[in-house]
Amino acid sequence: ENISDFSLNITDCTQVVVPEEVFFTVAAAGILENLLILIAVARNKNLHLPMYFFICSLAISDMLGSLYKTLENIFIILCKMGYLTRHGDFEKKLDDAMDSMFILSLLGSIFSLLAIAADRYITIFYALRYHNIMTLRRALVILAIIWTFCAGSSIAIALFSYEAATVIPFTILFPLMMFFILCLYVHMFLLARSHARKIASLPTSTVHHRTNMKGAITLTIFLGVFLCCWAPFVLHILLARFCPHNPYCACYMSIFHVNGTLIMCNAIINPMIFAFRSPELRSTFKKMFYCSR
């Protein structure tokens, strides 16, 4: 808020304000959709697989992002109404807690996407040994390590967010992990054709390979949506930290509310991709809706 107010004094760009009603509507839709994913996986035993557990991890990250923006807007409204102050001790702790939730959402999304990418890689290139490599127990251990690391990192970054030594590694992590996933993709698709030739003689290999490639394409869509929704906000963090007095940086920061809305849109789009690309999830949703009726 302080940066946005300051930017108006050094640039001619008008601050773009998104109505609170839009924030709450988009956030509520994201929370409900991802909650539906979790319920569907929990109810259908056929979905108790490592891949769907990683998808649930991504859904939880999206829910945290929507919840963060909801609480932040409630906090801003209460401040405008005079029930809270911007510089009190309680408000400072509350703000740190919300920042920690935001960072946890971002880190959880990145590492969940990385886990899904690694799972798809193993499925395509080590199909015959997949169930020995990626067991349900190992998947749960991986998720426990991911969320423990993300929780600890989010708390540390939120507490020391004003230090450049904290902001720089946090912002570097985003492009670094995206680059690593992109390299995994390139390697995956370059070797997919040669790998298909090697397993062509096996029974049902063609169908199995097509299914695995469909999963890889779905993950590509996830990654593209994630970059489009989160990259503008991460860029805002960088500009706010390193060039807040530059008119061009201030002009970009005037669309802060739009960037926040994009984060919540990511939580809405991902469940739609799940439902559209996964026949098993579509079938589970139909059964859930028909039973409720």
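Sequential numbering from 1, following the chain as shown.
Backbone N, Cα and C define each Cβ position, glycine as well.
TrEMBL does not curate its annotations; it predicts them automatically.
Taken from TrEMBL, the feature transmembrane segment covers 22-42, 49-68, 102-128, 140-162, 168-192, 213-235, 255-276. The annotation domain 'G-protein coupled receptors family 1 profile' is assigned in TrEMBL to 33-274.
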* For the transmembrane segment (49-68), which partner among 22-42, 102-128, 140-162, 255-276 gives the most CB pairs under 8 Å? -> 102-128
* Most Cβ pairs under 8 Å with the transmembrane segment (255-276), selected from 22-42, 102-128, 140-162 -> 22-42
* Does the transmembrane segment (102-128) reach the transmembrane segment (140-162), going by 3 or more CB pairs under 8 Å (6 or more apart in sequence)? -> yes
